[in-house]
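Q: Encoded as structure tokens, here's the structure I'll be asking about.
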Protein chains: 2
Amino acid sequence: MTHFDLAIIGTGSGNSLVTPDFDDKRVAVIEEGLFGGTCLNVGCIPTKMFVYAAEVADTIRGSATYGVDSTLDGVRWRDIRDRIFGRIDPIEAGGRDYRVNGPNTTAYLGHAEFVGPRELRVQVGDHVDEVTADRIVIATGAHSVVPEAISQSGVPFHTSDTIMRIDELPSSIVILGGGFIASEFAHVFSALGVDVRVVTRGARMLRKEDERISAEFTALADRQWDVHLSAEVVGAKSSAGEVALELASGELVSAELLLVATGRRPNTERLGLGKAGIATESDGRVTVDEFGRTNVPGVWSLGDASSPYQLKHVANHEARVVAHNLVHPDDLQAFDHRFVPSAVFTHPQIASVGMTEAAARESGADVTVKVQEFGGTAYGWAMEDTTSIFKVVADRRTKLILGAHVMGPMASTLIQPIIQAMSFGQTAPEVARGQYWIHPALAEVVENALLGLEFD
Amino acid sequence: MTHFDLAIIGTGSGNSLVTPDFDDKRVAVIEEGLFGGTCLNVGCIPTKMFVYAAEVADTIRGSATYGVDSTLDGVRWRDIRDRIFGRIDPIEAGGRDYRVNGPNTTAYLGHAEFVGPRELRVQVGDHVDEVTADRIVIATGAHSVVPEAISQSGVPFHTSDTIMRIDELPSSIVILGGGFIASEFAHVFSALGVDVRVVTRGARMLRKEDERISAEFTALADRQWDVHLSAEVVGAKSSAGEVALELASGELVSAELLLVATGRRPNTERLGLGKAGIATESDGRVTVDEFGRTNVPGVWSLGDASSPYQLKHVANHEARVVAHNLVHPDDLQAFDHRFVPSAVFTHPQIASVGMTEAAARESGADVTVKVQEFGGTAYGWAMEDTTSIFKVVADRRTKLILGAHVMGPMASTLIQPIIQAMSFGQTAPEVARGQYWIHPALAEVVENALLGLEFD
């Protein structure tokens, strides 16, 4: 039995909880997987590095539009992969080493399970430790969900955990799923020359996005890839060098590799939460209040284990809040989930913040909407853009921005002034006219979207 | 003698003064050059379209870094040129036609000169008209300055007015100047395969930028082009297919074409301002107050004719202000020149707003500075960036941002949250932590720059 001031389960955003406030305290850091969590190792960071290479390949393919002729001679998959993980893996190892050999912390490289309210059973290899702590933070993240039709079929498949480490590009890939992970990998593989098939049960891809974005993205996806919408997978089979999904329609969709990207579920199932009496939501997330507290005193949670967002910037925010709250019990800060943006690094790129148009109308707001085409601005002319849009949803009476939904180059950066405006309560006309927008920068798309809103 | 309610000289930003407020008024629009002014016809818009093609060529050349092998097969200059002006020229013609044949306005396609306070002599071809107006707006823009060493030498040369319309790419070009126009064309031509030589009297290129940006840009320029700094041109000579600049050092710098980009001067010399008693600055700009009024009642000025900025977004802002003031003499608005950003669309791209570090220190502020490398963020990893920086200058006591200076991809859009923060008086910590920044978008560079500032 070893007692700690703080025990952290999971080293994604949880790893940042070891602040200087704990310099003279005893901290346990428990990790059964890769140090640094999903984002660093198998999530946002490596995927965006692949996406960038994909963007370069797409630029080459499209160069003739601009009067520049080029040939895509080839893609060195192993070089791309090794460049990316050659950068990431040492960071993972360094993070692990710092917790194993660094100051203040005791690292347990194994699995933790609650056996009581602030009591853990930690298994490292064959060795089992009993760990107690005044404060325990559940920051265990989430994992890929694999539908039974696949898992029980016995066919070989990849998830986002493994697909980036394959040795050779396949000639074709079938991607099961229509969300952001599926869409990003479809973009990466198709840009790198792989024949992409997408199978999703949704009637559209990216269906959590604003309806217009989702519809237009789906139309563009359909032009690039072999997309099967509203498809129910009833089974799968494999033969030498091929995996086939069996759809309820009777259709078979086959490819050299199968990637399953049908969503992620919080890593809470194997934590023994019941034994500690820690409450969870129906989807498995740990129930927390606005301060990150579970129902059990001294037990906290953050990130994908408890948050519905499954976004690294949200997990980081929650970690900062919990880090504060752990040492300031009389001055608790609340999570700020008012205006959480997100992006999908596809081609075109997608970004959004706030309410979709449909949600805004449902909310009873007096909604006004402007859809600004990138092609209607000078930089859009330069890009010869014909598909990109910046949609803003605002309240006709208060003139406040309710949401923005962007599909086009640099969407994830272009949307920032809107996030800023919403976060600080600036009205659309104020933001549009209260500052300069450099002419003819791409940011003029935002200015024009705001100016296009009609108010009373 | 024809009398108008309003006479506008110049159809760049001036053209937008014909608001619905003048629907029942008589308006004269006078233009001796291209309709739409510098920006549309020979400035920001076509240059950025060339720049975009240049970016595509650069991406192709650098693709191997990302594991994507490609060959730049060739550049179709005429196709690029014709695509660009095929879009712009009809807009120019349409704008002209709308003023010639449209409602409310009388167009004079010729040269105007003051003969009295609100009296103009307008020459259209051989025909001369006397025009009087209750209000006259001078919006005549600026023109390229050509040093006497060139103009008197008799060598053939181009300015930004003509260089974009040439029929064939030269094998080499010598660019005289080190400011933003020189730098942008150096970028465009070198990316399109032309051997570029730059000759500038400055010790650095882009010397109006923050010292660090200017120094690092100059170093990068020197690696790409044959750059001659601190060079005094004493003469020029030409022979078949070649122009040579003679430097005071005795050196000759020669190329197939010569582009002169040594600055621009307001178009005020031939306006007869003296006859109307209109005051000017020592550099030729029309003197205006904060409302856009000259010293002569009823005569206004805006844009490059009177503004020191020579930026389209400033001219547009001034036009909006003057448009208001023309019809609301009892409720005048003032120009807002507090936080004027600018950008240079080079490779790397440059953007800045507010004070340079040196200016901030000179102002007596208690200065704190952070230089954030793009390479220190996740998106920077994806870009394999090694040269881009985001520099923020702030006041240690007030925590307000005093300036930002950016060199790197998308600088002109990336800087927008800083412009917004400065314009609305938001402190650096507030902006950094009061909103979400999408991970791992390029915008995280801004977040990290702000977080890196040290305050008391």
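Indices start at 1 and increase along the chain as displayed.
Every residue gets a Cβ built from N, Cα and C, even glycine.
OK, TrEMBL features for this one:
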ACT_SITE  A:His439  active site, proton acceptor
BINDING   A:Lys48, A:Asp304  FAD binding site
BINDING   A:Gly177, A:Gly178, A:Gly179, A:Phe180, A:Ile181, A:Ala182, A:Ser183, A:Glu184, A:Gly263  NAD(+) binding site
DISULFID  A:Cys39-A:Cys44  disulfide bond
DOMAIN    A:5-318  domain 'FAD/NAD(P)-binding'
DOMAIN    A:340-449  domain 'Pyridine nucleotide-disulphide oxidoreductase dimerisation'
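Walk me through where these features lie, including what they touch and how far apart they are.
A: Residue environment of A:His439 (active site, proton acceptor) contains 26 other Cβ atoms, counted within 10 Å of its Cβ in all protein chains.
The Cβ of A:Asp304 (FAD binding site) has A:Gly12, A:Thr38, A:Thr140, A:Gly141, A:Ala142, A:Arg264, A:Pro266, A:Asn267, A:Gln310, A:Ala315 as same-chain neighbours under 8 Å, each 6 or more residues away in sequence. Mapped onto three states, the DSSP output places A:Asp304 (FAD binding site) in helix.
Around A:Gly177 (NAD(+) binding site), a 10 Å sphere centred on its CB holds 25 further CB atoms from the protein chains shown.
Reduced to three states, the DSSP call for A:Cys39 (disulfide bond) is helix.
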Q: Enumerate same-chain residues with a sequence separation of six or more from A:Ser183 (NAD(+) binding site) and a Cβ-Cβ distance below 8 A; give 'none' if the list is empty.
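A: Expected: A:Met205, A:Leu206, A:Phe217, A:Ala221, A:Val344, A:Thr346.
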Q: How many Å separate the Cα atoms of A:Gly263 (NAD(+) binding site) and A:Cys44 (disulfide bond)?
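A: Rounded to the nearest whole number, the Cα-Cα distance is 15 Å.
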Q: Here are some binding-site residues: A:Gly179, A:Gly263. Which one has the most Cβ atoms within 10 Å of its Cβ?
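A: It comes out as A:Gly179.
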Q: According to DSSP, how is the domain 'Pyridine nucleotide-disulphide oxidoreductase dimerisation' (A:340-449) divided among helix, strand and coil residues?
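A: In the domain 'Pyridine nucleotide-disulphide oxidoreductase dimerisation' (A:340-449), the DSSP-based counts are 39 helix, 31 strand, 40 coil.
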Q: Do any residues at least six apart in sequence from A:Cys39 (disulfide bond), in the same chain, have a Cβ closer than 8 Å to its Cβ, and if so which, in order?
A: A:Gly12, A:Ile45, A:Lys312, A:Ala315
Q: Against chain B, with Cβ pairs under 8 Å, which of the recorded positions A:Cys39, A:Lys48, A:Gly177, A:Ile181, A:Ser183, A:Asp304 show up? Give them in sequence order, please.
A: A:Cys39, A:Lys48
Q: A:His439 (active site, proton acceptor) to A:Ile181 (NAD(+) binding site): how many Å between their Cα atoms?
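A: Rounded to the nearest whole number, the Cα-Cα distance is 35 Å.
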Q: As a test of the contact definition, list every same-chain residue at least 6 positions from A:Cys44 (disulfide bond) whose Cβ is closer than 8 Å to its Cβ.
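A: A:Lys312 - these are the non-local Cβ neighbours of A:Cys44 (disulfide bond), listed in sequence order.
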